């Protein structure tokens, strides 16, 4: 709710002029969004209510977590620790070879996306940098629940985690640092709902969100790259409404052809392939493919339209809606349980979120997705062992 309210305030306060320029195309955009919202809602309800083979398979996997034990197994702690070190090493090696880190670059915003003058130095080390980054993204949600026993081990582990997070901070990317800890707090507030910690957890959650949303603005102010520092920075990182209107206006005005599914595979092809989703959003607004930005975040209905017109505007939201409904249904069953420790609850939450995230990401494949799936698969094996073909009945509250 906070991002929504803040985003609307920011949009109408600063971006209202975009509405005038997008006038001829607003009706078609609204139609696509309404179609998408309707398809999403119907599919969400169906996914939530219907008992499907997909839902049953996920429940059986999550039930295995119940047999792991009340705390993280040692093999999982070692795995997370080693990968945290590897993540930092890969990224620091890449920064050393490039000769810069985005946070210290002359143009931090351009360096953040390795565009313009920074692209040439980035290209040779991109595999190391991206792999290190994706390793961190895959294991960061486990940092808080894999704390080893013993003071010395705890200090060493926390030091490794702080270094890993600090390495990500050099890239100016906020989400991978704050996201896992916010999710951890959110899971804690659900698990300890109504308890003495629930109010404190939510207050900390809001504080982390507010700081994370304004982090880049604060950093640029400290570095002398910005002259503005006020509370509205909390909401200035929510420009999706204006991004959407800019993209749609450009896409329609330039009469782009439909991708016919090429945007689904586009991110798998390197070197600014024209149907890479990021490149599409840049070209649609008249920017170059190597412009210093990661592109726009667009609703599923719009990406579906870009792929297959109005048919895609139905199919894309319907698929993500069904997946969201399945996820919500399973999560509800997990929350109603009373026989779980927090570690077991959190690992169920983590695996469910990861699996459903992979499913919805099938609409926009990328090498990053493959990496994340690989490491999550390893986590599952370390947690519950290799599958043995034995059917386990899900003991879940209905």
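A Cβ is built for glycine as well, from the same backbone N, Cα and C atoms used for every other residue.
TrEMBL annotations: computationally assigned, not manually curated.
Checked against TrEMBL, the range among 106-123, 178-195, 232-249 recorded as transmembrane segment is 178-195. Stretch with the largest number of CB pairs closer than 8 A to the transmembrane segment (178-195), among 76-96, 302-324, 345-363, 369-386: 345-363. Contact count against the transmembrane segment (128-148) (Cβ pairs under 8 Å) is highest for 76-96, out of 76-96, 155-172, 302-324, 369-386.
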